[in-house]
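K.L.:
This is the feature table in TrEMBL:
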- 53-86: region 'Disordered' (REGION)
- 184-530: domain 'Biopterin-dependent aromatic amino acid hydroxylase family profile' (DOMAIN)
- His363, His368, Glu408: Fe cation binding site (BINDING)
Amino acid sequence: MAAVAAAQKNREMFAIKKSYSIENGYPARRRSLVDDARFETLVVKQTKQTVLDEARQRANDSSVEPEILDDKPTQKPEQLNGNDDDVGLTEEEVVLANAIAEDPEAEKATQRAVLILRLREGMNSLSRVLKTVEKYQGLVLHLETRSNKKENSQLDALVKVELSRVNLLQLLKGLRQSGTLEHVTLIGEDNISAKNPWFPRHASELDNCNHLMTKYEPDLDMNHPGFSDKEYRARRKQIAEIAFAYKFGDPVPYIEYTETENKTWNAVFTMVCDLMPKHACLEYRKVFRTLQEEGIFTPAKVPQLEDMSNFMKKQTGFTLRPAAGLLTARDFLASLAFRIFQSTQYVRHTKTPFHTPEPDCIHEILGHMPLLADPSFAQFSQEIGLASLGASDQEIEKLSTIYWFTVEFGLCKENGETKAYGAGLLSAYGELLHALSDKPEHRPFDPAKTALQPYQDQEYQPVYYVADSIDDMKDKFRRWVSQMSRPFEVRFNPHTGRVEVLDSVEKLESLVHQLNTEVMHLGNAINKMKTSDL
C-alpha cells in the first residue's frame, strides 16, 4: 500500500502549492468531480496492482506443487507468451483465492468456470488437458475448438468446467506451467469475476458509500480559507461527525446555524435572487419561486436539509442524505441512481462568501436542489447515476466529465437566449457572468465529445457546452450511454426501491409486463381525452 500512500501525499502537496487568488468572488482553485474521478482511477490501479503482485508472489512461492500434467515445462512460465500476465494468478483468480481464504468451507464449494486455452500441439495437448481435469475430479460441461488464425499449427479451445474451487486454482497453476499450452485465460462464472464489481442495489447500502476525498479539507489544505480559523475547523468537524453517524432511514439531522452562517447565506441568496431572473433557465426559476412561496427559501436563515428533502420528494422523488465532505466520484454518482443527493450541511467560510473550494450546503441548496425538484432534470440526474453502477474507472471519469459540463457548468437555449442550469454557475456569480459573456467558446452538447473535454480547475472555463433543452440533453445522453462497455443493463424499480440487473429472461418478462400495463393506461387516457373532446 506504499504506492497508494505516496499518491495521496503527492495529491495533498499538489493542492497546497496551488495559488488562491480571488476574482469577482471566485477563487482560482476549486474542487472537481472530474479530478476526483481521475485520482480514484490512479489509486484503484495502484491498489489493484499491489494486490495482484502480492497474490502472484504467494502463488509462485507456494510449497504445494500440484501434479497437473504428465509433461515437463519446456520453457520458463514468463517466456510462454512474452509477458508476466500468466505468472501466478490473474485478476479473477485473486478474487477466487480471496473467497477461499475468507471462508474455510468455500474451498470445497463447486465452481463453474470457462477456460480459454491456446494449444501448442493441437489435439494432443487437448487430450492432456482433459485428463488433468478428470484427475482433479472436474467435469467438462462444454468444449469447443478452432484453428488459430495466426498459427495454423495451434488450436484455440474453450472449455467450460465444474470442480471445487481449490482444485480449480491448482489446475490453473499447473496449466500455466505446462509447455504444451501457449497461454491460459480464466473467464469467471458464479461471481468469481472481478469484471462484475460490487455496487449498491438498495439505498440502504449507501451507508457503505461515504468515502471522502480529503483534497480541500480545512485541516489539510493551508490554502483553504478556514485553515487558520480554529473555531471554523471545530465547527466543520462537529457537523461532519453528525453526517458520519447518519444511517439510511434516519431523518436528516437538524443543524442550528449560527448568526455568521446565516449572514453568509443571506449574502449569497440575495445575489442569486438578483441574477436569477435574467440568467437562470426556466426550470430553475419555477422551482425557486415555489420554494419561496412555501417559506423554505428565505433570506434570513439557511434552509434545513430535512425541509428541502421533503419538498423534493413530493416533486420528483429525490431525497437528501447528509455527507461529511467531498465524496469520491463513484460513491456520489451511485447515490443519484436511487434519487438520493448526498449534500453537505456545513457553510463556507465567511471570508469568501461567494465561493467555496469544496461543496458546502449553500452551493448544494441554491445550485443543485431546485433543479432536482424538476421532473425532467431529476430523471437526467438519475440516469447518470444508473450509468455509473458497475462502470469501469475510465467510464466513471467520462461520466464525471459529463456531469461537470452539464449539472455543474451546463448552459441551455431558451427562446433563442443562452441560460444557465449548472449549479456551479448559479451559485457563483463570477463564473456565471463569464459563461454568458462573449469570452468563452460555446459548443453544442455532444456527450461523446463532452466526455473527453479537458476541464479547467484553476480559472474560468474556456469552453462550455450548450444543450438545446434538458430533454434534448437526456436523449443524446441515453444514446451515448447505450454504447458503454458495461456487459449488463440496470434499471431502478420504484416499487421496491432496488436497482435490478436485467440479466435473465424472467426479469425481462417482468419488465415487459409492467411496460405493457403502463402503455395500456396511456392508451386508455388518450382514448378518454378524445371522447371528452367530441
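Using N, Cα and C of the backbone, Cβ positions are placed for all residues, glycine too.
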K.L.:
Taking the Cβ of His363 (Fe cation binding site) as the centre, count every other Cβ atom within 10 Å, in any protein chain shown.
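P.N.:
Taking all protein chains shown, His363 (Fe cation binding site) has 23 Cβ neighbours within 10 Å.
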K.L.:
Tell me the Cβ neighbour count for Glu408 (Fe cation binding site), meaning other Cβ atoms within 10 Å of its Cβ, over all protein chains shown.
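P.N.:
Result for Glu408 (Fe cation binding site): 24 other Cβ atoms within 10 Å.
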K.L.:
Give me the count of other Cβ atoms within 10 A of the Cβ belonging to His368 (Fe cation binding site).
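P.N.:
For His368 (Fe cation binding site), the 10 Å Cβ neighbour count is 24.
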K.L.:
Which residues, same chain and not among His363, His368, Glu408, have a CB within 8 angstroms of the centroid of the CB atoms at the recorded Fe cation site?
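P.N.:
So the extra residues in range turn out to be Pro359, Glu364, Gly367, Val407, Gly422, Ala423, Gly424, Leu426, Ser427.
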